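Enquirer: Submitted below is the structure of interest, expressed as structure tokens.
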Amino acid sequence: MAEVESFQLDHTKVLAPYVRLIGSETGPKGDVITNFDVRFVQPNANAIGMAALHTVEHSMASLIRDRIDGMIDFSPFGCQTGFHMIMWGEHSSEEIAKVIKSSLEELSSDEFGWDNVPGVAEKECGNYRNHSLFGAKEWSKKILAEGISTDPYERKVI
């Protein structure tokens with residue numbers, strides 16, 4: 001079987017929350033994509049509940065695109081501790097961490113309500129009943145309070 005980078009990561013050594021550059025790849029026509037590990041929760045210590053994670057996913061899909069061009073995808077890890085963020089072009093962990101921090105600040109604000117969360121209707125979402133804005137806001141506040149590091153092994157909070 002092929003080796004998968006994320007399964008080679010020693011999950012006992014990382015210090016979440018952080019943004020980690022997994023790598024960049026160049027396609028056959030020269031296009032570059034960059035993949036990031038956006039880890040919100042310490043692996044094997046906690047997990048974001050599905051309803052909150054789902055609402056974070058939907059909210060961040062829009063909030064990130066408001067702040068930076070070229071986001072291809074922001075997909076949750078099955079372990080519910082964070083997200084893969086895939087971007088067109090080359091980007092640094094510092095640049096992405098600033099975007100993530102700003103997005104979480106807006107999500108956690110009192111002004112951010114259900115009308116700001118995209119894709120929560122039955123025709124827009126395959127599991128539209130499984131959302132929690134309250135949970136998404138609480139997790140966002142917790143992540144921001146802990147600080148987002150640009151290094152997975154040493155706390156370098158932005």
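From the backbone N, Cα and C atoms, a Cβ is placed for every residue, glycine too.
Straight out of Swiss-Prot:
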BINDING   His54, His58, Cys125  Fe cation binding site
Enquirer: Are there any residues at least 6 positions away along the chain from Cys125 (Fe cation binding site) with a Cβ closer than 8 Å to its Cβ? List them or say none.
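Expert: Once residues fewer than 6 apart are set aside, Cys125 (Fe cation binding site) is near His58, Gly119.
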Enquirer: Under 8 Å between C-beta atoms and at least six apart in sequence, can you list the same-chain neighbours of His54 (Fe cation binding site), or say none if there are none?
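Expert: Looking at Cβ-Cβ distances below 8 Å from His54 (Fe cation binding site), excluding near sequence neighbours, one finds Pro76, Asn127, Asn130, His131, Ser132.
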Enquirer: Applying the rule Cβ within 8 Å of the centroid of the Cβ atoms of His54, His58, Cys125, what extra residues of the same chain belong around the Fe cation site?
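Expert: Output for this site, in sequence order: Thr55, Glu57, Val117, Gly119, Val120, Asn127, Tyr128, Asn130, His131.
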Enquirer: In which DSSP state, out of helix, strand and coil, do we find Cys125 (Fe cation binding site)?
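Expert: In the DSSP reduction, Cys125 (Fe cation binding site) maps to coil.
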Enquirer: What's the number of neighbouring CB atoms sitting within 10 A of the CB on His58 (Fe cation binding site)?
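Expert: Excluding its own Cβ, the number within 10 Å is 22.
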